[in-house]
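Engineer: This is the structure, below, for whatever I ask next.
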Amino acid sequence: MQASRARLFKEYKEVQREKAVDPEIQLICDDSNIFKWTALIKGPSETPYEGGVFQLALVVPEQYPLQPPQVRFLTKIFHPNVHFKSGEICLDILKTAWSPAWTLQSVCRAIIALMAHPEPDSPLNCDSGNLLRSGDIRGYQSMARMYTRLAAMPKKG
Amino acid sequence: MQNPEQQVAEDEQDTADSNRLPTIDDWANIKDCDIMQQQSAIQAEEAHKLPYVGDKEPLSVLEVEYQSGSPILQKKIKTLSEGFAFVRRTRGDGNCFFRCFMFSYLEHVLELQDKTEVERMKGKVEECRKTLQNLGYVDFTFEDFFALYLDQLESVIQGTEASISQDELVTKCRDQSISDYVVMFFRFVTSGEIKKRSEFYEPFILGLSNCTVDQFCKTSVEPMGEESDHVHITALSDALGVPIRVMYLDRSSCDSGVGVNHHDFLPGAADLQQGSDSGSSAVKPYITLLYRPGHYDILYSK
């Protein structure tokens, strides 16, 4: 508990320093609980998520950094490796390939990379995975873009 | 297509107690966090059976274990008992090699009160720190693990307030908050060494897993619970300059009879093969591990 708190405090300071380096990622620590974080990540360019801002919820376990943070999308997203309803993410570093070499910041970077490079062979969203696997890139892109517009962009007045 | 039951289940999700154990009906709803919870429950159950590092036991426990086992193994155990008196088991949680190395090494330094070795090791640890920095690792991701290892190293030398006895060393190696951190320190060191000398390790890694050096380190070295192979042992032995002997208790045999094979991991052996081999005879491993397919334990010579 003490070790995880100390580590998170270091990450907090790092996040303040990195702000300018990583404009795609905005990591915000809960005011009263250093084990709860929110991230706002920008959809990568030249993907159907471009122009969207996606909110992630990060819950850090007491065993951190020996155990990974739990991360899920709060913003609705149509992506093969994100559960459409729960926002759960299928990413090896959040499960079996986790190591303390990762940080909350680099986890967010990995999620942005996953948005740009979906892995349809291990889908959590089968509809999305099937579109990609059957080669219907246009179908996948238009669905993903529609949900980006609906859920991840400011509403036009 | 919307199934009414599914809808109810979703509504429940928000309020459901996350600790509740999944039943068969729940398979559709099972989430990754449930799987991870189940995994840690299994690990906790295993923990009751054997601590991270067990007690020193006479080698005869192996004879009992293989009483009705293969005759080749029984013969090998007999041969082993000529040279070794005790075995110390470690938990089979995928970290057993690192756990064996931690205990065996610290116990050796504690018994000999070898201050020169502690200083030599500190120098190696600093080299490993630089290796990771040069590879682009962020300091705060590994420094806690380095600091905790150095604390343990200091504590086995008597005469300071932090000094510990052998019994306390056992207790510490069984304490998750220390033991796992030291294991993770070794994983960082091993990963750094493999990446630093990637051209040397690449062919071995290709033979093991058909992936790149970076991928191998990411998926098979750095994560806790990933088992060690000869690549890991070579890299750790090299990085820290500690020779390791492994006795192989498996069912292999040859015409000339049943002998117990062993392999010595000698630091810098790969370099010595290329250049002059003067000085390679000087190091004799003081850490001896017993390998049974998939697991390592510690052996004590007579």
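Every residue, even glycine, has its Cβ placed from backbone N, Cα and C.
Sharing the feature lines straight out of TrEMBL:
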REGION    B:1-23  region 'Disordered'
DOMAIN    B:85-302  domain 'OTU'
ACT_SITE  B:ASP93  active site
ACT_SITE  B:CYS96  active site, nucleophile
SITE      B:TYR248  site 'Interacts with free ubiquitin'
SITE      B:ASP250  site 'Interacts with free ubiquitin'
SITE      B:TYR291  site 'Interacts with free ubiquitin'
ACT_SITE  B:HIS295  active site
SITE      B:TYR296  site 'Interacts with free ubiquitin'
Engineer: Is it possible to get the count of other C-beta atoms within 10 angstroms of the C-beta of B:CYS96 (active site, nucleophile)?
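Structural biologist: Around B:CYS96 (active site, nucleophile), other Cβ atoms within 10 Å: 24.
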Engineer: Counting all other Cβ atoms within 10 Å across every protein chain shown, which of the recorded sites B:TYR248, B:TYR291, B:TYR296 scores highest?
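Structural biologist: It comes out as B:TYR296.
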Engineer: Quick one: Cα separation, B:TYR248 (site 'Interacts with free ubiquitin') versus the residue listed as 'active site, nucleophile', in Å?
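Structural biologist: The separation of the Cα atoms works out to 15 Å.
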Engineer: So of B:ASP93, B:ASP250, which of the recorded positions has the fewest other Cβ atoms within 10 Å around its own Cβ?
Structural biologist: B:ASP250
Engineer: Sort the recorded positions B:CYS96, B:TYR291, B:TYR296 by C-alpha distance from B:ASP250 (site 'Interacts with free ubiquitin') and give me just the closest.
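Structural biologist: Nearest by Cα distance to B:ASP250 (site 'Interacts with free ubiquitin'): B:TYR291.
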Engineer: Determine, to the nearest whole angstrom, how far the Cα atom of B:ASP93 (active site) is from the Cα atom of B:HIS295 (active site).
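Structural biologist: Pair distance, Cα basis, whole Å: 9 Å.
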Engineer: Under 8 Å Cβ to Cβ from B:HIS295 (active site), same chain, six or more residues apart: give me those in sequence order, or none if nothing qualifies.
Structural biologist: B:GLY92, B:CYS96
Engineer: When DSSP states are folded down to helix, strand and coil, where does B:HIS295 (active site) land?
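Structural biologist: The residue in question, B:HIS295 (active site), is strand (DSSP, three-state).
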Engineer: As a test of reading the model: what is the averaged pLDDT for the domain 'OTU' (B:85-302)?
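Structural biologist: Averaged over the domain 'OTU' (B:85-302), the predicted model reaches a pLDDT of 91.
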Engineer: Hey, does DSSP put the residue listed as 'active site, nucleophile' in a helix, a strand, or just coil?
Structural biologist: helix
